[in-house]
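Pulled from TrEMBL:
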- 187-341: domain 'O-antigen ligase-related' (DOMAIN)
- 459-615: domain 'Glycosyltransferase subfamily 4-like N-terminal' (DOMAIN)
- 625-784: domain 'Glycosyl transferase family 1' (DOMAIN)
- 12-33: transmembrane segment (TRANSMEM)
- 39-56: transmembrane segment (TRANSMEM)
- 63-81: transmembrane segment (TRANSMEM)
- 117-137: transmembrane segment (TRANSMEM)
- 149-172: transmembrane segment (TRANSMEM)
- 179-196: transmembrane segment (TRANSMEM)
- 225-245: transmembrane segment (TRANSMEM)
- 334-353: transmembrane segment (TRANSMEM)
- 374-394: transmembrane segment (TRANSMEM)
- 400-421: transmembrane segment (TRANSMEM)
Amino acid sequence: MPTAQPASPAGAPLVQSISTLAAFAIPALALWLPSGYSWGAVLLALAALAMLWRWVRVPVDAGTWWLVGSMLVMAVLWALQSDPAMGTSRWEKPAKCVLAALCVFYVAAYPPRPWALVAGWVAGCLGAAGMACWQVYGQGSDRAFGYTNAIQFGNIALWMAVAVAVCMVCLYRMAHRRGWLLGGAVAVLAGLWASVLSLSRGGWLALLLAALVAAVLARKTGRGLLLRVVAGLAVAAVLVAGVNFSTLQERMGRLDRELAQYSDRGQAETSVGHRLEHWRMAWQMGSEKPLWGWGEQGYQSRKQELVAAGAYDPEVLEYGHAHNEVLDTYAKSGLAGVAALCLFYGVPLYLFWPSPRRRQPGAVPAPLVPPETAAMMLALRLAGLALVLLYIGFGLTQVFFAHNSGLLFYVFMVMLLWGALRGLERSLDKGAWPLAAHDDFPNAAHRPRVLHFVTGGFSGATQVALDLVKAHRHSGAYEPLLVLRKKRQTRPDRVAALRGQGIPVELVAGWSHAATIEQLAQLCRRFQPDIVVAHGFSEHLWGRYAALKAQVPHMVHVEHNSRERYTPGRLKQALWLAERTDAIVGCSQGVKQVLLELGFPAHKVTAIPNGIRLEPFAQADQHPLLQREAGIVMAARFARQKDHATLLHAIALLRQRGLRPPVFLAGSGKWRYQFAVRRLIRRLNLGDQVQVLGFYSEVPALLMRQQICVLASHYEGMPLSLIEGMAAGSAVVGSRVPGIQEIVEHQHNGLLAEHGSAESMADALEYLLRNPQEAARMAAQARHDALSHYGLERMGQQYEALFAGFQRPAVSDPSV
């Protein structure tokens, strides 16, 4: 079975070819041409800038955002610690990180072909060996250095040799690719040869960290295969060491002598001695300013002061860094810089770690993934893991990121490995493996599947989504799934209660938008819905991004409020998604009008009024209003949208007018809003009259015991709690705002109070309390209207009629 090719937006062969060419050129040319590592990087950067208008519209996964963030954090760090005296050159490293961050987006959108990377590593090892042999054997140089520093040269060659060796193990069983194994073996030998000729002892020390990669390989591929490859590498190492034995012997002997010289006499004029002196000095300097460090300028000045005071050998003045990545960062940027450096290492380390969950895209069973694709994915992950681990090892004896070659090679290799890996995963997500037939509908034999995505805050939108799931289950026409975005207010007992009722419900992360999108996309790949219905702001954005990632055929956006927090950026996203959405539903005519005013496409916008379950109110006629307690109920969550304050001030005014009705505030919500309500109750001395019930499971019974249902609000979409009051046969009072005005006709089936006016609200409540016959008349009309127009069955039928009208087109490319 052939390897799945990396997936990229349709119609993008040229832009993907550029990233593929860069993936080959950066390692292939890195060590044997002047600034060879820069050529492919410049090509990629120019392409990213030229094609910004294309890749900027492609949804970005969480891992890519983290990768970009780690690079930008380092850009900020290096900008802050730079020396102003350096002029414009102080911005060189930060600018490279920012430019690299842009390239990450490009590579994630248009991933390179994985074999281009492998071929680049092979060519890079061969080129490095050729350059090393020419410089050492041909020109008589003591060390191979290429066109850069000998340490950079040898260590980069060493990592490429390790990367090729990893690929040899992972891809060993590819029968039609085994011809490349001989070339791979030669490349590994060549990379080791270049490393030895560079005499970079710190790189050999870093190889100890590669043992972790070997341990993962043993677990993933089997010990027998790994042992055979390790044996082959040992033979290659013995061969390289044998040919260069005298050089290696002299180099390691010098290490012993230099250690003894520094230990006995403090001699710092040697390679080992000045490193140990630098480390001691950097630790002291960092300890003097542990939080933010000295900065580049302060570092050099303080170093001169310490040398002048005789605390350290003058040898340290010859170098601009401390020859240890962590200590150098600690001295110049303090613990804040060390944290940024840990992020720079840690993010790719986490992303490349081959845990089972990350190694398998979505929930694709391992037997369904093409073996060659799975092997290549493992190879890319382990090559990335080795890159980070060896760079950490290189940084023990060298500030690798102080050199252009070290920094550019690291950031571009990380992004290209990540892009190639994500490309393979997306190719699987798009169906590069044999899945069960998924027929079009409505003519399909199976029931179409509908996924309702909504906040887990148990708001009105959550209730509507839940009611629709129940309606689908009742009708049998659709197979539903309810997905809640987890919030702090998402109570596990309520979720458990839903599952206990047989409601299919899942939770996805809510701590970040990227995490929500990624987890929901994975859930979509498992459930394979025909339609995703994304309810409410801002869930309708993240739900549809996830549906696009998972290639769901149809999407519906449901707007539940007449006033949402649309910033210009969020509105732009919503309008972009609207072009790819089948229908945009306003939960009332008022919400529909708002959507049209915002610029949503008129041919896609419709109104479907929210409905409620009428069964709990079937006995309302047995509780005549005149026989009920003259009490007031407001069933609404405690949130910024609701106007509990106006109601409470109105109750205080009623007391002044000689009326003291009991008041019941039912609903959950955010603690700070509930605290503000309780504080206002105490300030107005209403504690003996107003009860804060919190979440209350018996709201229908409560409504049928009281005469009046109130909803004081700043804005609404379709006020379900007021509709419940109407169905319960209560007299209703609502704020004069869109949504409420649509269902309450003043003095016909209820009363409207001016928005935010406690006096107007008090007048309406006083009228009902002092005129019970009028209250009973309006309550009867309200109940009739609720039963006629706002039943859950009617709402469910309208949504299912909307779904049935969808045609299933070819899935459009989200980047177009």
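Glycine is treated like the rest: Cβ placed from N, Cα and C.
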Counting only CB pairs under 8 A, let me know which of 39-56, 63-81, 374-394 has the most with the transmembrane segment (12-33).
39-56
Which sequence positions outside the transmembrane segment (149-172), separated from its termini by at least 6 residues, show Cβ-Cβ distances below 8 Å to it?
27, 30-31, 37, 118, 121-122, 124-125, 128-129, 132, 143, 178, 181, 184-185, 187-188, 190-192, 194-200, 202-204, 206-207, 210, 213, 217, 220-221, 225-226, 229, 233, 372, 375-376, 378-379, 382-383, 386-387, 390-391, 394, 397-398, 400, 403, 405-406, 409
Determine which residues of the chain contact the transmembrane segment (117-137) at the Cβ level, with the cut-off under 8 Å and only residues 6 or more beyond its ends counted.
23-33, 36, 143-146, 153, 156-157, 160-161, 163-164, 167, 180, 183-184, 186-191, 193-194, 197-198, 379-380, 383, 416-417, 420
Which bits of the chain, at least 6 residues beyond where the transmembrane segment (39-56) starts or stops, bring a Cβ under 8 A of a Cβ in it?
9, 12, 15, 18-19, 21-26, 29, 33, 99-100, 102-103, 105-110, 408, 412, 815
Contact ranking winner - 179-196, 334-353, 374-394 against the transmembrane segment (400-421), Cβ under 8 Å:
374-394
Which residues of the same chain, at least 6 past either end of the transmembrane segment (374-394), have a Cβ under 8 Å from a Cβ in it?
3, 114, 117-118, 121, 151, 155, 158-159, 162-163, 166-167, 170-171, 173-174, 202-203, 205-210, 212-213, 216-217, 220-221, 325, 345, 348-349, 351-354, 358-359, 366, 400, 406, 410, 413-414, 417-418, 420-421, 424-425
Which residues of the chain, 6 or more past the ends of the transmembrane segment (63-81), have a CB below 8 A from one of its CBs?
90-91, 93-95, 97-98, 100-101, 104-105, 108, 293, 295-296, 332-333, 336-337, 340-341, 343-344, 346-348, 350-351, 411, 414-415, 418, 422, 514
